[in-house]
Structure formats: structure tokens, C-alpha cells
Amino acid sequence: MQGPGGNVSRGLPSGPASTVASGAGRCESGALMHSFGIFLQGLLGVVAFSTLMLKRFREPKHERRPWRIWFLDTSKQAIGMLFIHFANVYLADLTEEDPCSLYLINFLLDATVGMLLIYVGVRAVGVLVEWQQWESLRFGEYGDPLQCGAWVGQCALYIVIMIFEKSVVFIVLLILQWKKVALLNPIENPDLKLAIVMLIVPFFVNAFMFWVVDNFLMRKGKTKAKLEERGANQDSRNGSKVRYRRAASHEESESEILISADDEMEESDAEEDLRRPVKKKHRFGLPV
């Protein structure tokens, strides 16, 4: 009787001990949405989004966007990034592997392959919008006065681009079997794994992604060449020549200001009238 009793006493702790050992240092399924994980995600969102505010203040004063335009531009990107983030969290919990490692791999693929896909998508949409002359769907242009419908349409287009990007990245993840890669296995502390996956690595990568994607989505200033071409086409009918000057301040509505040939001739005539009395005084030896 002692034998069976001893066997039972030795067998009872062995099960729980092995369970604890197998789970030690592992990022369990659902850990990304636990309280600590949610706290890290919120902190990351605030810190990473603040880089867009820094970018705005670093823009030249005559090109700096008003706060309302800046908010409309960046809110589209924030919605797109939230979609990618929660898609990664959902996909990470679909596997029996370490969800923290799979989330990190997903995130790094979004920051490399995904960035290229976003750029291609934005350019393709831009070409389509120009071809169809959909004025309200040009990224960064919301009409004057601002139209909420323009923002909604652009936001919908950007979400379609993000769905395309995430679908391609997910296919790449499945084909290359990267879901079996355990990048964080050497780290034993699960909270440290969460901090690396949700805060440390994403902070630097998200700051770079926000900065670059904002350049994709913001309204580009009209170039001098485009304005000259447009002005030449307009004024060729009138037979007049035009020239352009750079805007001296942000208050002027366009970064390139058209000056008509008539205005330039009036300025030159006024200067010539001022020089004539001076020339006559020099001719007769009178003091100027």
C-alpha cells in the first residue's frame, strides 16, 4: 500500500510542475490583449503619433499645413495603422506558436514589404484619380471650404490599400513558413517579450513609417514646371508672356504666384520715368 501511495504522492506534483515549466517564459495565446499588453499598445500609439506632430513643426513655414488639414491627413494614417495592428493581433492568436514572435514578424514584414506595397497602392490610386478627374479623391485635398465627404472617400481608398497590403503580407508569411520562426525564444520573461513586441521595436519602426507614409498622403505643392505649362497654355491664346515668382510668405494662397507681363511692363516704365530726371541733371552738370 505504501508503494501505490508513494507513487501517487510522487505523481501528483509532476503534472502541474511540467505544465508550469512548459509555459515559463512563453508569450501565451491572448497575452497581446491582456491589461499589460493593452497598456503598452496605448502608450505606443501616443508616442508614435507624436512623431507626426514633430514632423509638422519641422516643415518649412511657407509649406506647413494648417492644423485642420494636418489632422485630416494624419487621421487617415491612424485609421489605417489601427487596422494593420489589430489584424496582426488577430493573426498572431491563430497559431499554436509563440504569438509575440509571430506578431513581431508580421510587424517587420509590414514595415518592409508593406511599405513598398503602400507606396505602389497610393501611386496607382493617384493615377486612377487623375485619369477619372475625381477631384475630391486626391490625397490631401479636401476642397475650399473643407468637405467631410472628401475625407471619407480618401479614407476609404486608403483602407482598401491597407487591406491589399495586409493580404499580400499574410500570403508571404504563409508561403515562407515564417510563422514557425521563434525570434524571442531566448527571452524568458513574458512581460519583457511583450514590451519588446509592443513598445520598443514598434516605436522606432512606427516613427519611420508614420513619417514616410505622411509624405505619401499629404498634398504635394504644385511645381513650377506644371504652373508654367498651365500658364503657357492659358496665355498662348492671348499672345502674352508670363513669368512666376516664389511666394514670400505662407499667407499667399499658392506657392507659385503668376505675374502678368502687363504688371511687369508697368513696373519697368515707372522705374524708367524715375531715372530720366537724374540723367538730365548729370548731362547739365547739376547736382543730383
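Glycine residues also receive a Cβ, built from the backbone N, Cα and C atoms like all the rest.
It should be emphasised that the depicted structure is a prediction, and the values quoted were computed from it without experimental measurement.
For 261-272, the entry in Swiss-Prot reads compositional bias 'Acidic residues'. According to Swiss-Prot, the compositional bias 'Basic residues' annotation covers 277-288. Sequence annotations record features per position, and here Swiss-Prot assigns region 'Disordered' to 228-288. Per Swiss-Prot, region 'Required for localization in the endoplasmic reticulum' is recorded for 241-246. Under the heading motif 'GXXXG motif', Swiss-Prot lists 149-153. The topological domain 'Cytoplasmic' feature in Swiss-Prot is assigned to 1-28, 215-288; the stated evidence is similarity to another entry. The transmembrane segment annotation in Swiss-Prot covers 29-49, 69-89, 102-122, 156-176, 194-214.
Here the transmembrane segment (69-89) has long-range neighbours at 32-33, 41, 49, 52, 56, 103, 106-107, 110, 114, 140, 142, 146, 151, 154-155, 158-159, 161-163, 165-166, 206, 209-210, 213-214, 217-219, meaning same-chain residues at least 6 beyond its ends whose C-beta is under 8 angstroms from one of its own. In this model, the region 'Required for localization in the endoplasmic reticulum' (241-246) carries an average pLDDT of 48.
Listed as Cβ neighbours of the transmembrane segment (194-214) (distance under 8 Å, sequence separation of 6 or more from its ends, same chain) are residues 27, 31-32, 36-37, 40-41, 43-44, 47-49, 51-52, 55, 73-74, 77, 81, 100, 103-104, 107-108, 110-111, 115, 118, 184, 187.
Broken down with DSSP, the motif 'GXXXG motif' (149-153) shows 5 helix, 0 strand, 0 coil.
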